[in-house]
Amino acid sequence: LALWGILMTSSICLRQTDLKALIAYSSVSHMGLVTAAIIVQTPWGLTGAMTLMIAHGLTSSALFALANTNYERTHTRTLLLVRGLQLVFPLMSTWWLLTNLTNMAMPPTINLLGELFIISTLFNWSSLTIVITGIGTLITATYSLYMLLMTQRGSISTQFQLLSPTHTREHLILVLHLLPLGLLTTKPALISGLFT
């Protein structure tokens, strides 16, 4: 049921028009993977679950901070209306790229380590789970790229004439999210040593 939930919530993410709802459903999808790992009750599964919970908590929170930064300037969360922000906020576009790559569990992020632990555990439990987790991972990559492209690429809407510049506090918030992720990537034993 947890793996089926991954497919359902990931599929819902592909149809979202609201940025905040898209990020929220992506969290539900990732927590389906965590739930499946906890139910299997193996040391690798629990290690992967703990790793992914911490990593995704930081990643998802950073995505919500980025969505709020967009909302404070555009006063809308509709994806079709907030296009082309890369032209206006190039540094913020870099934060979007890094956070989305982390959300997709790109190497060498700690998210990848958590997902590999969980996928290995589920495959060891039942080899058929590789099909569902593989499709779920593919859909996760698809909606993460969709979110990145919809917010950053394209031509900016003509209704946004004067967009206020980004503030140092917004960049500091993102540094405080991604720096721990980077540190955990360099020393994953801080988390993974708990159950193994």
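Using the three backbone atoms N, Cα and C, a Cβ is placed for every residue, glycine included.
Keep in mind that TrEMBL annotations are predicted by a computer and have not been checked by a curator.
Annotation comment: TrEMBL describes 1-140 as domain 'NADH:quinone oxidoreductase/Mrp antiporter transmembrane'.
Look at TrEMBL and you will find 21-40 (among others) tagged as transmembrane segment.
Within its own chain, the transmembrane segment (46-67) is flanked in space by residues 19-20, 23, 26-27, 30-31, 33-34, 37-38, 77, 92, 95-96, 99-100, 102-103, 109-111, 113-118, 120-121, 170, 173-174, 177-178, 180-181, 184, 188, 191-192, 194-196, which lie at least six positions past its ends and keep a Cβ under 8 Å from the stretch. Feature annotation from TrEMBL assigns transmembrane segment to 46-67 (among others).
For the transmembrane segment (79-98), the residues of the chain that approach it from at least six positions outside its boundaries are 16-19, 22, 62, 66, 69-70, 147-148, 150-157, 159-160, 163, 165-166, 170-171, 174, 178, judged by C-beta separation under 8 angstroms. The feature transmembrane segment is assigned by TrEMBL to 79-98 (among others).
According to TrEMBL, the feature transmembrane segment maps to 118-151 (among others). Counting residues 6+ beyond its ends, the transmembrane segment (118-151) has Cβ neighbours under 8 Å at 3-4, 6-7, 10-11, 13-14, 16, 19, 22-23, 26, 29-30, 32-34, 36-37, 40, 42, 44-45, 48-49, 52, 70, 79-80, 82-83, 85, 96-97, 100, 103-105 in the same chain.
Under the heading transmembrane segment, TrEMBL lists 172-195 (among others).
Listed by sequence, the residues of this chain that lie at least six past the ends of the transmembrane segment (172-195) yet keep a Cβ under 8 A from its Cβ atoms are 43-44, 46-47, 50-51, 54-55, 58-59, 61-62, 65-66, 95, 98-99, 102, 108-111, 113, 117.
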